[in-house]
Amino acid sequence: MKALSLKRRHPLAAIALLLLGLLFTGGLYAAASTANQAKADTQSYSASDVAEGKKLFVANCSTCHGMGASGTQAGPSLVGVGAAAVDFQVGTGRMPMQMDGPQAQVKPAQFNEEQTHQLAAYVASLAPGPSVPDAHITDGQGDAAKGGELFRVNCAMCHNAAAAGGALTRGKYAPSLHGVSSAHIYEAMVTGPQNMPVFSDANISPESKRDIITFLKTIESNPSPGGAELGSLGPVSEGLFVWTAGLAVIIGFTIWLTSRSS
Amino acid sequence: MSAVSTAEQSTYQAETKFGRFTDFVDQRVGGSGILKEFGRKVFPDHWSFMFGEVALYSFVILLMTGTFLTFFFDPSMAETHYHGSYSPLYNVEMSVAYNSSLNISFEVRGGLFMRQVHHWAALLFVASVSVHMLRVFFTGAFRKPRELNWVVGGVLIILAMAAGFTGYSLPDDLLSGNGLRIIDGVIKSIPVIGTWISFFLFGGEFPGTAIIGRLYVLHILLVPALILLMVAVHLFMVVVHKHTQYPGPGRNDRNVVGYPLGPVYAAKAGGFFFIVFGVIALMAGFFTINPIWNYGPYDPSPVSAGTQPDWYIGWVDGALRLMPGVIGAVDGYRQHFEFIIFGHVLTLNVLLPALVPAGIVFTVLFTYPWIERWITKDDREHHVLDRPRNAPTRTAIGVAGFIFYCVMWAAASSDLIATHFKVSLNDVTYWLRALFFIGPVLGFIVAKRVALALQRKDREIALHGRETGRIVRLPHGEFIEVHAPLNDYKRYRLVSFESPKPLPAQPNSHGVVDRKERRRAKFSTWFFEDRVAPITPAELEAAHAHGHHGEVESGEETKSLSH
């Protein structure tokens, strides 16, 4: 103890104290907060699922993602992306990727549900990561109004207020969310596919994500009370409609009114 | 004197009850005199003359539906919570204005339909005003004596845009608030006074609690009153000038050939009102417009993808989108279009695109009749219109302006072009930036060449007749295509136009050719040097005399006359 007290006026003592303090508060926060904790996969996968998934992975994914999913020049490492990322990317047909481009595009899924499940089991077995949501999150029974507010603040700037999609830079885009399953919406939020940011549980709690899904499913299942939606794209499609269909009909009538029987 | 006064005493006795009633009114109001004057106004028949009418009828529909909407709209920015029937917004905090707009849409019987009629009519109103202006420009209807009416029309389209924009901002949804934020940004970019104007307009820092009420007063009182006034002036001048007409046999600058207002045009126009109303009502009944419930209440933080103004403001929004924020890099430092002068920020990357293109468009629009009058030195009255091809340079100028507008217009939807045609948003912007400068020039050249080519085609047809597509082999083996000559009426349209030659510099009253006049002569050369001369009677005579296939022709002629 004496040795320590002798060194208390050492030039580096202040820095050491600061580091100790930071370590202590940071450690305390990490221990107290579970928000950023990588959750262990709650869904149970059997050993045979993992084994089958590994076979599928080696045959279909390893060219880009590497043996053991550790990544290559052509594709990122999948260690720790979790089952949710696999279920989203493979389940929506984005992976295996059809072609290089600004971002992976939706296409008919290459693997059936069981194979997707097995691939997810394999990737989830590599390291803990976000899991496939349970039925409570995706049941669509949350608060649509609160979900709408969260959607407008967090999602609408890319996906459009009516979730009709929008453009990003250099050929990238935020897709329309109509027809996207509740599970895939949740998985996109927790894994941040393509150019989408990750909305962690600290950012938007699982219950709030449930509200957002409820909002999206509500507006999807209720057609516009005003008639045909014209793509929900706002004033551009409205302007296009009045200049083409509206004015064309009017011009048709003007020609009829001023024509002479000959 | 007494003879005159007895003549004024009406001896007419109406036979029916209704006749006696109308006679009573007529003797006190003098309606028959007005009806006699107006009823005999002659209007020429052409579909392109009816866009002004479409605009007028849309405006009437706007007044009617707008009145209905004022019964239920509350322009207050006080905060409230929504408790209506649209569940995705239930209990969301919002302004009273947005709440009342939602209630009009979901609670008031027929409210959503009325809102949609109002909005579709607004889009059609500005569209028909625009098409009407294009028609007037390309046919040269703005020439003497109608220059001032052209200016009134220009004021009307600005007022129409103002009416549209103030209305767009009223529901206080996310979309309208984003639009207002852009206007606020543009106002604040004005040097020195910008911030003061913004604070004055919004009653403090944006968005404040005053703007919706203020825009409401402008939207339902001031702007429509000004539009009504301008429409009255516009129509009064139409009556004074009489209507223009397209060239044709028997038509000249001293007459108007067409049908009288009563009964033919009164019936047609009255019916046409209901047609326009019907078309708008069908659009409103079947197609959603401005689904405010999608956008949510205004909140300055979120901006939705696909946020655009209504189409008529789109070109200004597009100009802002086209403007680069950064102009290259000097010594590795990015050069911004933003300067700080004596503590005042001069943001040219907002100020330039917001004001310069609109300034160019409206300056040229308002001064064009005088520009052309100065170049051509044409001080005659024109009541017969030009076919656009017969004024190639004017048509080219119009097309150049149209393309200039359309490039900016397209830029306002650059994000939707990118997503729907699967191209890069950046590439769309780069192409449109290039087209902003190159497009009008290309449009000018192409339009002028097309106009001249069409004139040459007209000349060919007038001289040699219409190609029938029938190939005939003559006895000595030669193949010819039979040409059917036009009848006199059809030919008249093709030959009866002016094609002035460039007017050289003229000496002024002192016998001096001054510098301004020499400049005018240069413009005159530019305006008229490429010309296709109309056919002279001698040329027509010669063309017909050398027609060695006259027998075949005569057969065709009877055919063409028979239909």
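Glycine is treated like the rest: Cβ placed from N, Cα and C.
Note: TrEMBL annotation is automatic and uncurated.
Quick caveat, the model's predicted, so the values are computed rather than measured.
According to TrEMBL, the protein carries these features:
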| type | residues | note |
| --- | --- | --- |
| DOMAIN | B:21-247 | domain 'Cytochrome b/b6 N-terminal region profile' |
| REGION | B:543-563 | region 'Disordered' |
| TRANSMEM | B:54-73 | transmembrane segment |
| TRANSMEM | B:117-138 | transmembrane segment |
| TRANSMEM | B:150-170 | transmembrane segment |
| TRANSMEM | B:182-203 | transmembrane segment |
| TRANSMEM | B:215-240 | transmembrane segment |
| TRANSMEM | B:269-290 | transmembrane segment |
| TRANSMEM | B:311-330 | transmembrane segment |
| TRANSMEM | B:350-371 | transmembrane segment |
| TRANSMEM | B:391-410 | transmembrane segment |
| TRANSMEM | B:430-447 | transmembrane segment |
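If you look at the transmembrane segment (B:150-170) against the transmembrane segment (B:311-330), you find at least three C-beta pairs under 8 angstroms, all six or more positions apart, and that counts as contact. Contact between the transmembrane segment (B:350-371) and the transmembrane segment (B:430-447) is absent: fewer than three CB pairs lie under 8 Å, with pairs separated by 6 or more positions in sequence. Same-chain residues lying 6+ beyond the ends of the transmembrane segment (B:117-138) with a Cβ under 8 Å from its Cβ atoms: 48-49, 51-52, 54-55, 58-59, 61-62, 65-66, 69, 150, 153-154, 156-157, 160-161, 163-164, 167, 276, 280-281, 283-284, 287, 289-290, 310-312, 368, 388, 394-395, 398, 402. Taking Cβ pairs closer than 8 Å, the transmembrane segment (B:54-73) reaches residues 97, 100-101, 103-104, 108, 111, 114-115, 117-118, 121-122, 124-125, 128-129, 132, 163, 170, 216, 220, 224, 227, 231, 272-273, 276-277, 280 in its own chain, all 6 or more past its ends. Away from its own ends, the transmembrane segment (B:430-447) comes close to residues 318, 322, 324, 392, 395-404, 406-408, 410-411, 414 of its chain (Cβ-Cβ under 8 Å, at least six residues beyond either end). Counting same-chain residues at least six beyond the ends of the transmembrane segment (B:311-330), those with a Cβ under 8 angstroms from any Cβ of the stretch are 123, 126-127, 130, 160-161, 164-165, 168, 179, 182, 186, 336-337, 349-350, 352-354, 356-358, 405, 407-414, 429, 432-433, 436.
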